[in-house]
Amino acid sequence: MLLSDKAIRSLIREGKLIIDPLYEDSIRENGVDMRIGPEIAFPIVRGEVMDPTKDDPSLHFTVRRFSDEGIIIPGNTSILLVTEEYIKMPDDVAALCGLRSSIARWGFIAAPTLVDAGFEGQLTIEVMWTRPAPVRLYRGIRFLHVVFFRTEGKVERPYSGAYQGQRGVTLPKRLEK
């Protein structure tokens with residue numbers, strides 16, 4: 001069941017769902033808007049074949065911090081954005097993230113991202129700027145909408161994977177065959 005603003009506020013008030021910082025205007029009718037955090041990761045294009053099962057991900061990305069002037073994203077570029085907010089999920093709630101329609105209408109796209117029950121950390125989301133012209137982004141822009149769903153009871157194994165507790169933009173892990 002998709003949780004309403006009232007149900008989300010109740011989970012937060014009870015300390016079962018933690019979102020920090022939480023801005024009052026972030027809680028929407030059926031979800032929470034999140035803001036662009038302090039860092040961004042750009043791909044490093046070398047023209048060589050990447051092997052995500054063998055390569056060190058840090059060789060293929062460069063991480064930068066936002067300044068007051070923002071950061072210019074080149075046209076047709078994939079980036080990793082991190083949320084300003086740190087989230088701690090209950091063991092009986094999962095979430096689905098998508099871009100806010102206002103940012104999508106400018107030309108950004110992102111694959112829907114699942115947040116597992118029991119996850120905690122800042123969210124790192126891959127976003128694609130689809131226009132040929134560069135665009136300037138700023139820290140603090142509301143870019144992500146997160147909707148919450150109750151699971152049928154608490155999950156037996158809450159999330160405890162490689163991204164648990166992540167802070168800052170987090171690069172992908174190596175893929176397993």
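Any Cβ shown, glycine's included, is placed from N, Cα and C.
The following features are taken from Swiss-Prot:
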| type | residues | note |
| --- | --- | --- |
| ACT_SITE | GLU126 | active site, proton donor/acceptor |
| BINDING | ARG100, SER101, SER102, ILE103, ALA104, ARG105, ASP116, TYR159, GLN166 | dCTP binding site |
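Secondary structure at SER102 (dCTP binding site), as computed by DSSP, is helix. The maximum pairwise C-alpha distance among ARG100, SER101, SER102, ILE103, ALA104, ARG105, ASP116, TYR159, GLN166, the residues recorded as binding dCTP, is 33 Å.
On a Cα basis, GLU126 (active site, proton donor/acceptor) lies 14 Å away from ARG100 (dCTP binding site).
Rounded to the nearest whole angstrom, the C-alpha distance between ALA104 (dCTP binding site) and GLU126 (active site, proton donor/acceptor) is 13.
Listed recorded positions: ASP116, GLU126; maximum Cβ neighbour count within 10 Å falls on ASP116. Neighbour density at the Cβ, taken as the number of other Cβ atoms within 10 Å, is lowest among the binding-site residues SER102, GLN166 for SER102. In the three-state DSSP reading, ASP116 (dCTP binding site) counts as coil. Comparing GLN166 (dCTP binding site) with the residue listed as 'active site, proton donor/acceptor', their Cα atoms are 15 Å apart once rounded.
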